Amino acid sequence: MAKSILITGGARSGKSSLAERMTLGLHPTATYIATAQAFDAEMAERIAHHQARRGPEWTTHAEPRDLVGALEATDGTRPRLVDCLTVWLSNLLLAGEDWQGAAERLVAALPRQAAPVVLVTNEVGAGIVPENRLAREFRDAAGFLNQAVAGVSDEVWLCVSGCPVRLKPPQGEGPTP
Amino acid sequence: MAKSILITGGARSGKSSLAERMTLGLHPTATYIATAQAFDAEMAERIAHHQARRGPEWTTHAEPRDLVGALEATDGTRPRLVDCLTVWLSNLLLAGEDWQGAAERLVAALPRQAAPVVLVTNEVGAGIVPENRLAREFRDAAGFLNQAVAGVSDEVWLCVSGCPVRLKPPQGEGPTP
Amino acid sequence: MAKSILITGGARSGKSSLAERMTLGLHPTATYIATAQAFDAEMAERIAHHQARRGPEWTTHAEPRDLVGALEATDGTRPRLVDCLTVWLSNLLLAGEDWQGAAERLVAALPRQAAPVVLVTNEVGAGIVPENRLAREFRDAAGFLNQAVAGVSDEVWLCVSGCPVRLKPPQGEGPTP
């Protein structure tokens, strides 16, 4: 059973850079599973920004919704970086798909992988309660997804201002009991 | 003097589950002090979701505003779980009550308790500054309340993606001096 | 080369109090570099609130935009507290100035300082993605600025509910590799 690593943090907290370093630390070449779709110029710019940072060690596999299929298609010896879970969740919600079923299938698939998986996600629940109902539903769904994936991950890291903080395994003693 | 434990985190970060485990770890039965009021269907659904997770070990004491009264009425041998402080704060603000006075009375009451108190709160200040003035005032008030309660708590924990991080007592050395 | 310390956290998380204690822990008197401008009554109230907490140990140097100039003008033996970077960033954006160039000059200037610098910033990226494009650009810019300043700081601290968490140097082992 290969290692799963979840990396979370706020916007522009250094998550993707950390994930890339950790993935290439596992193997000299790796597969980048991109969940983003370029709906508009702003998104295209963000995708281009991320791609520009990655070097020739990376093979890109774009998959907006069938993440378990993408993991199965790319499993082997090279580690996979999934960037990112919240965009994948958003794609499922926009397509009207059963995100809870998809999350369960992902949680079941991760421990079956032969090659490691590094997953990037976003902290979206530490601001004020959004006035928009869809935004509230999205942040609830993202929170459940992050908890579920963290539960089956060997390591969980939080990025804050570019600094990684290890959440799992815990630093020091955990809560009693 | 019984222990006070504060558990904070963003939306759907695993705060309530952790608080329930920690409370039942202190004693086989416990009192759940619920501050939520079901104003609408969405809120009723959230309350039902939380209740469904709790088992027969729990006695519920609903109290939207008089939290110090609820702590006095339920003090004895069983630990109390207060879920949650930000909803309590919101109830006080909506009722036009003096939340600062109420926060001071809570901070004074916690060290007097015979049975332990586990308090759940929310991180609401790590997003962009809200455009809505009431939302800004609420997040300022929540920040002050969280600091004040953390100041008199024996332990403070942050939940991120379901992973607890101990904030107090600090991990390793604190800031100098 | 004097020490640089970055202190981040959400709104009302205890950042400024911690920064003041840490600055006065370095030297009995200090310079407060205030970046805030009182555009309206709410802001004037926030500035007055912060000033009221500071004692006679502090000399205030107000500078909304030319932060490197302010650091040069105040360098000597007394430590400087910059409060705060996100307000400075916001002032640059409102004035239509090149914030990226300014951030690079700040990052280059910090290691040149003779007297220590403690910088306060804000976590603004852990809420839901803002609907407002300017807000999205601001949180991206703040994230980049925080990462860049953290990168040249000797210590980085996160405040949560008044509790400081050391991010740099890291607690325990960092990510592998």
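Here, residue 1 is simply the first one shown, and the rest follow in order.
Every residue, even glycine, has its Cβ placed from backbone N, Cα and C.
TrEMBL labels come from automatic prediction, so no person has curated them.
As the structure is a computational prediction, the values presented were derived from the model and not from experiment.
Annotation source TrEMBL lists active site, GMP-histidine intermediate at B:HIS50. Long-range C-beta contacts of B:HIS50 (active site, GMP-histidine intermediate), restricted to its own chain and to partners at least six residues apart, with a cutoff below 8 Å, comprise B:SER16, B:ALA36, B:ASP83.
For B:GLY9, B:GLY10, B:ALA11, B:ARG12, B:SER13, B:GLY14, B:LYS15, B:SER16, B:ALA34, B:THR35, B:ALA36, B:ASP83, the entry in TrEMBL reads GTP binding site. Using a 10 Å Cβ-Cβ cutoff, B:LYS15 (GTP binding site) registers 24 neighbours. In the three-state DSSP scheme, B:LYS15 (GTP binding site) is classed as helix.
Remark: of the binding-site residues B:ALA11, B:ALA34, B:ALA36, the most isolated position is B:ALA36 (fewest other Cβ atoms within 10 Å of its Cβ). For B:SER13 (GTP binding site), the Cβ neighbour count at a 10 Å cut-off comes to 27, with all displayed protein chains included.
According to DSSP, B:HIS50 (active site, GMP-histidine intermediate) sits within a helical segment. Chain A lies within reach of B:ALA11, B:SER13, taking the recorded positions B:ALA11, B:SER13, B:ALA36, B:HIS50 and requiring a CB-CB distance under 8 A. The 10 Å shell around the Cβ of B:GLY9 (GTP binding site) contains 28 further Cβ atoms across the protein chains shown.
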